[in-house]
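Here's the structure, in structure tokens; my notes come after.
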């Protein structure tokens, strides 16, 4: 379907959608999380974590597929939560999504900086804690500085990042299986699979958290719903194919690594195997020179993923502010370089804080913090949104209905609740559950203050807009974006995105780079 002037064009097919998802899913994540997964499970049975993460990603991905096919606009969660919860709580849920995204997006990026410093330690073994902190903060300042100057040739930058990442993964896998020891990879400790043990399930919950972190990005194509050809067929196929493909890559990577590096070494947080396991694999198999080369490739991948992530993430509050769903100052662009000033600056500061937290606690704690924040408003809310929309908008066109409904919703619900419920146990003394609840509570207070200023619900009328009802496609069918041209008489905005949202400067959803980090959230 072609869009009219100012609208989107549906031109992204299955192959492109799958490639976009996979490019988002696989970055530096597996290079830093394999030792964390082994430590969580206490042995090579850590492979279970990547499989469990894939199952949760698949179940949740089918939720994204139904929502994305029936509400095929640009914006993903922002659109789904607004449509599902507007009847009772007005703009509260999309506001809270943006509020929590302001935290979990930069926390995801900070894991990339932590990973970068870890791998730099392989090339600079005498680096002190303070020097590592300064290097990481310097990287964040450099990224913000480059983005502050404006960005050109985004597609080329992200394509290069993808090629470098693929080269890194392929080299590690080939090196590992060229010197593979099956006995080492498949020798499990006693009681490794004792399902009646509380230790197993605590490790499973930690592994599931790490696993889903590594799969983040399986929903990227859904954020580009307004540009997907035949979304009812393309989205579910792209999601399932990309998850299966990345699971295969991760299993090869982890099994190959376990066949070269003794898993006991990975549980020592100060060892090379724990800090830079890919470098350890290359050094063990092809020598120090090859290890140095791959380490440099991984450093490039980490830097580029943080760069693209902050570029895309900074557009989230900008679009919401332009759509009158967030604080207006976030809707201001730099007068010369045309980027969202306040969004980029705020996320840069949060990224720096998250990096320091990860450096002075551990990477697993940082992953736990970001997932607990993400679970409440995005993951769990979308599980509910599918059912709410089936009841509230029964006439909504649904070219794809979730297979075996409601089983995937139940699996996703249980998976997210396990991650959330075990968060405090897996990060003793860090209190990720309490911090996530405090952040959401602060968001509710912020919403009340904002709603009072904007005179919207609960201080004004609810604005109900069912713009996708009766199969309408507002982003591509594109009646002119003026006043009162919504499908149900709702007033549209003045931008060129859904509900009048002004799009960002990138080439992906919400003006984000495609591929790049959130929206949606991705593992760097």
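Residue numbers in this text run from 1 along the chain shown.
The backbone N, Cα and C atoms fix where each Cβ goes, glycine too.
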Between 181-199, 200-218, 219-237, which stretch does TrEMBL give the note transmembrane segment?
200-218
Looking at 31-56, 265-290, which one does TrEMBL call transmembrane segment?
31-56
For the feature transmembrane segment as recorded in TrEMBL, pick the matching range from 6-27, 402-423.
402-423
By Cβ distance under 8 Å, which residues at least 6 away from the ends of the transmembrane segment (239-261) in the same chain are close to it?
14, 18, 21-22, 25-26, 30, 34, 37-38, 44, 46-47, 50-51, 54, 57-58, 61-62, 64-65, 169, 172-173, 175-177, 179-182, 184-185, 214-215, 218-219, 221-222, 273, 277-278, 280-281, 284-285
Same-chain residue ranges lying at least 6 outside the transmembrane segment (134-151) that approach it to Cβ under 8 Å:
113-114, 116-117, 120, 127, 157, 303, 306-307, 310-311, 314, 334, 336-339, 344-345, 348, 351-352, 355-356, 359, 505-506
Grab the same-chain neighbours of the transmembrane segment (435-453) for me: Cβ-Cβ under 8 Å, and only residues 6 or more beyond its ends, written as numbers and ranges.
90-92, 95-96, 99-100, 103, 326-327, 369, 372-373, 375-377, 420, 423, 459-460
Among 158-180, 363-390, 402-423, which stretch has the most Cβ pairs under 8 Å to the transmembrane segment (93-122)?
363-390
Six or more residues beyond either end and a Cβ under 8 Å away: which residues meet both conditions relative to the transmembrane segment (200-218)?
21-26, 29-30, 33, 36-37, 40-42, 46, 48-54, 56-57, 60-61, 64, 108, 111, 193-194, 239, 242-243, 246-247, 250, 364, 367-368, 370-371, 415, 418-419, 421-423, 425-426, 515, 520-523
Sequence-remote contacts (6 or more beyond its ends) of the transmembrane segment (158-180), Cβ cut-off under 8 Å?
23, 26-28, 30-31, 249, 252-253, 256-257, 259-260, 278, 281-282, 284-286, 290, 294, 297-298, 300-301, 304-305, 308, 513-516
